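Notes follow the structure.
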Amino acid sequence: MSSRIDRDVINALIAGHFADPFSVLGMHQTQAGLEVRALLPDATDVWVIEPKTGRKVGKLECLDARGFFCGVLPRRKNFFRYQLAVTWHGQQNLIDDPYRFGPLIQEMDAWLLSEGTHLRPYETLGAHADTMDGVTGTRFSVWAPNARRVSVVGQFNYWDGRRHPMRLRKESGIWELFIPGAHNGQLYKFELLDANGNLRIKADPYAFEAQMRPETASMICGLPEKVTPSEERQKANQFDAPISIYEVHLGSWRRHTDNNFWLSYRELADQLVPYAKWMGFTHLELLPVNEHPFDGSWGYQPTGLYAPTRRFGTRDDFRYFINAAHAAGLNVILDWVPGHFPSDEFSLAEFDGTHLYEHSDPREGYHQDWNTLIYNYGRREVSNYLVGNALYWMERFGIDALRVDAVASMIYRDYSRKEGEWIPNEFGGRENLEAIEFLRNTNRIIGEQVPGAVSMAEESTDFSGVTRPPETGGLGFWYKWNLGWMHDTLDYMKLDPVYRQYHHDKLTFGMLYNHTENFVLPLSHDEVVHGKKSILDRMPGDAWQKFANLRAYYGWMWAFPGKKLLFMGNEFAQGREWNHDASLDWHLLEGGDNWHHGVQRLVRDLNHTYRHHKALHELDFDAYGFEWLVVDDNERSVLIFVRRDKAGNEIIVASNFTPVPRHDYRFGINQPGRWREILNTDSMHYHGSNTGNGGVVHSDEIESHGRQHSLNLTLPPLATIWLMREGE
């Protein structure tokens, strides 16, 4: 028996107050000989076993009734592989001792993690099934530099924090432990004795799967295989590609009619994916699928940044959904939330008893609008956690793009704060320099590591250079939501047509700044909640005029420079606001053909026509791709412009935003010849009045608007028409 183990050490170890369990537990060379020590609460008998022969090598004596065993092995001088035969409640179990294994994290990984430059921290941190020295199990690691003790607790140890205290790697602040026998599918958490001596039970920040609310445990789950991007998917994200995005909240797109329960990922693959393809969309954008405790956050307050929510199935089910989308020719955009996180006790908040992931000062670390906490981007390990997450979704799931939420709240220290409620940066300014550098670095790494993948910014201010390269002072995003265009055009459309002539600039102003960024035109979920009404219900007039206005607006939007985004339900003109707790109003499409069918057909035709004609998408971000033909006819609320492709082919777009048909409307054109009406939002096919131009019109050699040739058209009421030149 050893006399070297101090009673205070044993007490501290059993009480969970000892920070260095490997200095005590496991096999050690002592003056008395080779000694094995184990902490096995509730055990009554422990033997050391030779694995090759199964022979008992020595018995461990119980030095403390609470489960501390120790024994010197006779005739043994050198370290060897061993197992422990442990009797619990009259039943003997053969186990491998976690404390016989050496350090897990390689020195280079530890250094990169400390420097914040480990591109894929999720490959090292978290829970990973592994085989060590011929023993299968799971290696656990967690960053908690200020904790006094960290243990793994889970289904494999009765959630008892005494049984598996971890090793601290002081150079990195990471705790690690290999637990033999722990396997995929088992639940676990980390139990921390924090910097202040308080006990905390935390979910794994790097968990690849987690329980669905209200439960909060992490789940051991293997790292998914990498997904190789196809050339077609890469091309579909390019600036000259047609991009029409269908934005979806998976929990409310459609539900089971019998119990209002969600569709699963696999059911969504069978229903949502073919629908989006049939409608002609090119991309699916998913509101956040990261695990989150509060349904009403729509996923924008995530606690499991690396775990797809279990609401709709398993991690593999989600991969099945993504694969189905790709097989249907749809790219997938994931809404990503690196701006803030909820303050739930089980998550990142005060993780090790200190403000580890968030700022300590609430003027920097607390978001009063959402009652959430703000990441400390200046801490290298925190930024690394987030950058790694971006790569994780792109490389391991095949996500084609990330849409970054609430960028303005990240890059401005005074965002939604009054004077005295924020702290200036080191130069006295309002910019969050650390957040700006984080975004630049993230976009730079995406570009370097995932060819063809892109990022999109929801940025609501006039911050300059959101879509410019970091090396030129930009943030490095590929695309930016054009919230200014959205607000201006919706403000215009909600006006009674008689007043629109006084607000003509609402539709023209967007072109003054259109080429400053690479824009997406968004009619997103944010525009159909919180009392804003549905898009349809914002339109003025009686039912006929509401639908006509909406169709004219969509025709304008799909032709205007910029990529397109439409939130689910808007494609068939849902009349009520979005409710995340219920299905879309699919019953509006039941029964006989109606106005809702007309809008749905229009959106489908808009998508297919938009994709077919390069002039409508190839030069979205080049001034050559757009030209006004009629910009100043505010009295009649008429606007006409040309979209152009690289080869010079033109499509004419004419909108009449009054209910008065404009007959014999002459305007100058660039290219004389025969022009065909390829889309008319007033067509009877869409339940319009069917006013139009009979399909084909010929230009006249009559000067108009400073051009030698012109067209004489009928502009339908509250409508947009598209014309394509067919020949001389």
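The backbone N, Cα and C atoms fix where each Cβ goes, and this holds for glycine too.
Fair warning: this is a prediction, and the values are worked out from it, not measured in the lab.
The active site, nucleophile annotation in Swiss-Prot covers Asp405 and rests on sequence analysis. DSSP assigns Asp405 (active site, nucleophile) to coil in the three-state reduction, placing it in neither a helix nor a strand.
If you look up Swiss-Prot, you'll see Glu458 marked as active site, proton donor. Residues within less than 8 Å, Cβ to Cβ, of Glu458 (active site, proton donor) and separated from it by at least 6 positions along the same chain comprise Arg403, Val404, Asp405, Ala406, Val407, Trp481, Leu483, Pro522.
In three-state terms derived from DSSP, Glu458 (active site, proton donor) belongs to neither a helical nor a strand segment and is classed as coil.
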